[in-house]
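Have a look at the structure below, then the notes.
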């Protein structure tokens, strides 16, 4: 059934205008974004397919344009629109976390890092620079590519820590493959950076391996 053939109070756009966005289901909100469907599948059904395929709204939040190609009927324009909206949502959530949260627990860091790195298609090494009260000063991406002990320069991390007057740091990198287990190279790099930063009295609190669905704390594994 076409959405235009639904009763007026069941059409997503009319429902939103009459009752507000909170009255709509996740699939209905996505239908408004999609606007049109395919023969035999309306926008509401396509919205539900997106939710089913990617694990709900939380899963969609970590989905990139390439993964959206698996949904029949999503052309380049629609994929770009969805990715843009998801990126705005990630940025809004990241700003809220940055303003409200002290990064004093692994879970607080996990939430922030998954928003920032979880959906990236390429491997990225990043550092959270924290003040003496574990408030975030900055998150900086310092390297892109396969992570090795020689690909990340300790000197660069030390220079940035001093420039930002950081008291401690949290290291992080993503595994686009989805494998969250730290490698031996991850362990060696962590110890190299820990030694370098200790020379300027900056503590390495943790090193996280981030995927779309998981962020693993190396400190909790006794590897920091």
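Heads up, the Cβ atoms here are built off N, Cα and C, so glycines get one too.
As annotated by Swiss-Prot, Zn(2+) binding site applies to 173, 175, 186, with the evidence given as sequence analysis. The domain 'MPN' feature in Swiss-Prot is assigned to 102-224; the stated evidence is sequence analysis. For 173-186, the entry in Swiss-Prot reads motif 'JAMM motif', with the evidence type sequence analysis.
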Residue 175 (Zn(2+) binding site) -> DSSP, reduced to three states, gives coil
Neighbour count check, CB within 10 A, over binding-site residues 173, 175; minimum at 175
Neighbouring CB atoms within 10 angstroms of the CB of residue 186 (Zn(2+) binding site), all protein chains considered, total 21
Would you identify the secondary structure of residue 186 (Zn(2+) binding site) according to DSSP, in three states?
-> helix
